[in-house]
Amino acid sequence: MNTVKTVRELRAAVARARSEGKRIGFVPTMGNLHAGHAALVKKAGERADFVVVSIFVNPLQFGPSEDLDKYPRTLAADQERLLEAGCHLLFTPGVEEMYPDGMDGQTRIHVPGVSEGLCGASRPGHFEGVATVVSKLLNMVQPDLALFGEKDFQQLAVIRKLVRDLNLPVQIFGEPTVRAADGLALSSRNGYLDEQQRAAAPAIYRTLRQLGERIRAGAEDFPALLADARQALEQAGLRPDYLEIREPISLRPGVPGDRQLVILAAAYLGGTRLIDNLSVHLD
């Protein structure tokens, strides 16, 4: 596995791989990697011949009161994990490499519709930052395919629309959420939880599953279902940010009669905000 820091080095390495007839797979990350990231890299290796991973903690997607400064930087451990997972090329640019003219002057990309509401309401500007950095990375790497985890469901919807609307020549794959044995979705932010908070955290997925079971059983009063689920989260010691039933492509509010739904949740444990989701298929 080679590690490069500049766009010039990145493009040269990818060009060599492509000249050898290799199919390029790409997994963008912010580092502090866990088993969920490793699963994405391994899956990329199944779908492509040459796997590129980026590690870049993107300032554009953090709000002024968010955790940019304390977000863990664990490059040495990340490199070991990526080597084991089958990464061929690691791109670790600095802020100056990604935004050479500064962030204030950076052209930004807004993806309407799917960016609004949910995490978009709680984190103004977040998805603009995501769409901008993903657009830049896809243009830098120019992969045949890119993989993202379904845990960040709204982010995946934003990226799919971005790629579709801008006619970017890349296949986007969403991969299932990797979970701990107790159901908690793996996340870099789980490391912020103390022992008591970590014990309470699986209530998010448990509540989503219970809500999904009620919908599959035929319950159609979505407001009442959501009220019960919010109460369950609060009783478990969480502070809900949002809990919504949506249609999975457009992310419009789900209605009885929809055959495909996704339940999305964000909740706080102390100062740590966790997200999760559950797809519900009624066909």
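Note that Cβ sites are derived from N, Cα and C of the backbone, with glycine treated the same way.
On a predicted model such as this, the values are computed, not experimentally measured, just so you know.
Marked as active site, proton donor by Swiss-Prot on the basis of sequence analysis: His37. Within 10 Å of the Cβ of His37 (active site, proton donor) there are 24 other Cβ atoms, across all protein chains.
As annotated by Swiss-Prot, ATP binding site applies to 30-37, 149-152, Val178, 186-189, with the evidence given as sequence analysis. Taking a C-beta cut-off of under 8 angstroms and a sequence separation of 6 or more, Met30 (ATP binding site) has the following same-chain neighbours: Ile55, Phe56, Val57, Asn58, Tyr71, Ser188.
According to DSSP, Gln155 ((R)-pantoate binding site) sits within a helical segment. Neighbour count (other Cβ atoms within 10 Å of the Cβ, all protein chains): 23 for Gln155 ((R)-pantoate binding site). Per Swiss-Prot, (R)-pantoate binding site is recorded for Gln61, Gln155, and the stated evidence type is sequence analysis.
Per Swiss-Prot, beta-alanine binding site is recorded for Gln61. A helical conformation is recorded for Gln61 ((R)-pantoate binding site) in the three-state DSSP classification. Summarising the environment of Gln61 ((R)-pantoate binding site), the number of other Cβ atoms within 10 Å of its Cβ, over all protein chains shown, is 21.
Calculated from their C-alpha atoms, the gap between Leu33 (ATP binding site) and Gln155 ((R)-pantoate binding site) amounts to 18 Å. Here the Cα atom of Gly36 (ATP binding site) is found 16 Å from that of Gln155 ((R)-pantoate binding site). Counting every protein chain shown, the Cβ of Ser188 (ATP binding site) has 18 other Cβ atoms within 10 Å.
Sequence-distant contacts (6 or more apart, same chain, Cβ under 8 Å) of Glu150 (ATP binding site) comprise Leu156, Gly174, Glu175, Pro176, Thr177, Asn277, Ser279.
Here the candidates are the binding-site residues Gln61, Gln155, Val178. The one whose C-alpha lies nearest to that of His37 (active site, proton donor) is Val178. Mapped onto three states, the DSSP output places Val178 (ATP binding site) in coil.
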